[in-house]
């Protein structure tokens, strides 16, 4: 079955279709991970996107029940050079092709993914549509140029609060499109977690008596979530806070900094990040299309703690006055290296220190 990818600049790439027999539009991006395709297609941060894999053969080890980052995949399509229809792995339960058919997600194989990746790197992220061979190219191009993708966070955030009980510190986890890996890391440390929707107010969060607040990853432009920015303005300084990815960007906006769209984003499992305080470099998992503008941090109460070695963009922030820090990358990995996993320990240490300071103030009062 032939299928084509039509880009907003009029480029047409023809290959073999797999997965769901449906036409879908989305922002065409690329990821450089050699593995982790199951985590990628189930990562809510990819909501509304058509993901191109730069590694030439995808699907080798199939799909298993353990590696999902959300219950429902959020990608609008997959593009690969070659798909493996006969996976081999002791955990394999279903092939990637069959899984995408079940979930009605279209795929395209047999195209030059290097050519597509170079185009995205040269011209920036492009809107595209995976469609049948009888599609009207001119009409599709006109529709793509007029399309604006919004409300991604609303689509992937939980609709209702729910608990993930533990005996340790109570952490309110604000879900902007949370990867399950973040929740797993908190559960591993016996945190008493309450997951809440993206539009939960500061008053509602504080009513839960949290020891700490965690801001999850999520899709899209942080400026499309004004309610979260307002919530953070009211909550920063009252409770220890740790943000990841979109949570990092929202924290920056609430603190007076600015964000902007990257030309083609950071997506992959091997991005080097430097800790400016220690000089240490961590290899990190990343997935974002926006970043905090370095110059905008200067006149705020924030300090830059980490930078990307590939392009110098801001990868970490800390508040100068209050117990709050954030990172642009994914310390929970899933998939990817676990070099930055100790940030969860730093978060819990910050909570403990904040509690001790509060107890000392009460004793001295």
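Heads up, the Cβ atoms here are built off N, Cα and C, so glycines get one too.
Positions annotated as region 'CPSase' by Swiss-Prot, on the basis of sequence analysis: 1-169 (among others).
Residues annotated as region 'CPSase' in Swiss-Prot: 1-166 (among others).
Its Cβ taken as reference, residue 220 (L-glutamine binding site) is surrounded by 26 other Cβ atoms within 10 Å in the chains shown. In the three-state DSSP scheme, residue 220 (L-glutamine binding site) falls into the coil class. Annotated L-glutamine binding site per Swiss-Prot: 45, 218, 220, 246, 249, 287, 289, 290, in sequence order, evidence recorded as sequence analysis.
Residues or ranges marked as domain 'Glutamine amidotransferase type-1' by Swiss-Prot: 170-357. Mean pLDDT for the domain 'Glutamine amidotransferase type-1' (170-357) in the predicted structure: 96.
Marked as active site by Swiss-Prot: 330 (among others). In the three-state DSSP scheme, residue 330 (active site) is classed as strand. With a 10 A radius on its CB, residue 330 (active site) counts 27 other CB atoms from all the protein chains.
Listed in sequence order, 179, 181, 182, 184, 185, 244, 341, 344 are the same-chain residues six or more apart from residue 332 (active site) with CB atoms under 8 A from its CB. Feature annotation from Swiss-Prot assigns active site to 332 (among others).
Residue 246 (L-glutamine binding site) falls within a helix when secondary structure is assigned with DSSP. For residue 287 (L-glutamine binding site), the same-chain residues that are 6 or more apart in sequence and have a Cβ closer than 8 Å to its Cβ are 31, 40, 43, 45, 46, 217, 245, 265, 266, 267, 330. On its own chain, residue 289 (L-glutamine binding site) has 27, 29, 125, 220, 261, 262, 265 as residues at least 6 apart in sequence with a Cβ closer than 8 Å to its own Cβ.
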